[in-house]
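As structure tokens, the structure follows; a few thoughts come after it.
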């Protein structure tokens, strides 16, 4: 499947659920305690990270989405730390403070990248607290595209059916990361994302792929879900919908250090992608890739857009050089910019590649780190050059160009001028051969407006494709 990242900055998401603070105490272990057969950890690092539903919100914000976060907190120092933690990263908190309950905290002690123990500080919230939180959240539905219900069974989401129905009636998609053995609580949700253990807790042991699909479709019908995405660890993900064939997406994780927060990453990437306009299969592929990134990190973590671009390029074959599509080239350029590389771009028909072309392209490449050559397709060459042209089809012209040491990427375009593709890619330097005036070069104004440069290079005298063709015809 070809995967393209949508414009995450357009996504407007509300996350409602169990917020918590993930606290990490880290240090070396050098001896066993004389008091009990346990290691002694000398703490030299303390770190607080927003967890649970707050980690979902942070993932959305890190991808570039606009996100509000509704949850239950206590009136304590932990709530203050959690508030600062989410606000610093661009999340807008919408807390309901409960005086007699602590803000949920999970303390993990780590040494040598291994978790030794986890200590939980929490008390279950009352049902009335959940009712108030969901009622408070209803007022936010008119300004968002997607709701995420992040349920950790701590009491923030008790009976959300009415809230789900109201959101759906307003055209808002509702995604649920479920908990417990009763998925009926989420009746009418757009999508639920159980892991395999959560899925089997509801439907019983899954004995085969066919059994999984049958049981998933049974849940769709029973609870009026639009889709179920079952996350399956090393087996990847399986998407089941009512009106389309199932979709199996293999895992892309290379190394697994810590699965903490992987489910949060999946639903946050789904929500951000869908809110930004991606279709469901695309959103699932993006979420699967994001999960593969985050499990390679230690502790509760987020995934950035740049990390997603790099991972998608690696796993979907879109990071290479040579002949590429526009979308593939857009991915590659984001990586090049991340590496601080200067990108040069030129264009032409290059119908019969000759020594003048080779010299010109070497000059162009010398002006930067990477060179893009945009090539007119066959129809546009015919319109520009007339009958009998091109001599070589576009795939052959691009293959020859891609074989030159000076050329990094070759991309086709179908218009008579490259203005549109140049305006999309916006190289650091646009070059053109001949006696053009800079103001007359297609795409030049867009490059300059974006902070780039435009330069005219000379061709070698006496060498041209037209002259070569005429010489061939004269000698026949």
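Each Cβ is built from the backbone N, Cα and C atoms, and glycine gets one as well.
The shown structure was predicted, so the numbers you read here are calculated from the model rather than taken from an experiment.
According to Swiss-Prot, the feature active site maps to 264. The DSSP secondary structure for residue 264 (active site) is helix. Around residue 264 (active site), taking its Cβ as the centre, 30 other Cβ atoms fall within 10 Å, counting all chains.
DSSP assigns residue 196 (ATP binding site) to a helix. Look at Swiss-Prot and you will find 195, 196, 197, 198 tagged as ATP binding site, backed by sequence analysis.
The region 'Ribokinase' annotation in Swiss-Prot covers 1-319.
For the region 'Cytidylyltransferase' (345-476), residue counts in helix, strand and coil come to 54 helix, 26 strand, 52 coil, using DSSP. The region 'Cytidylyltransferase' annotation in Swiss-Prot covers 345-476.
Look at the binding-site residues 195, 196, 197, 198 and count other Cβ atoms within 10 Å of each Cβ; 197 has the fewest. If you take the Cα of residue 195 (ATP binding site) and the Cα of residue 264 (active site), they are about 11 angstrom apart, rounded to a whole number. Rounded to a whole number, the C-alpha distance linking residue 197 (ATP binding site) with residue 264 (active site) is 16 angstrom. Residue 196 (ATP binding site) sits 15 Å from residue 264 (active site), counting Cα to Cα.
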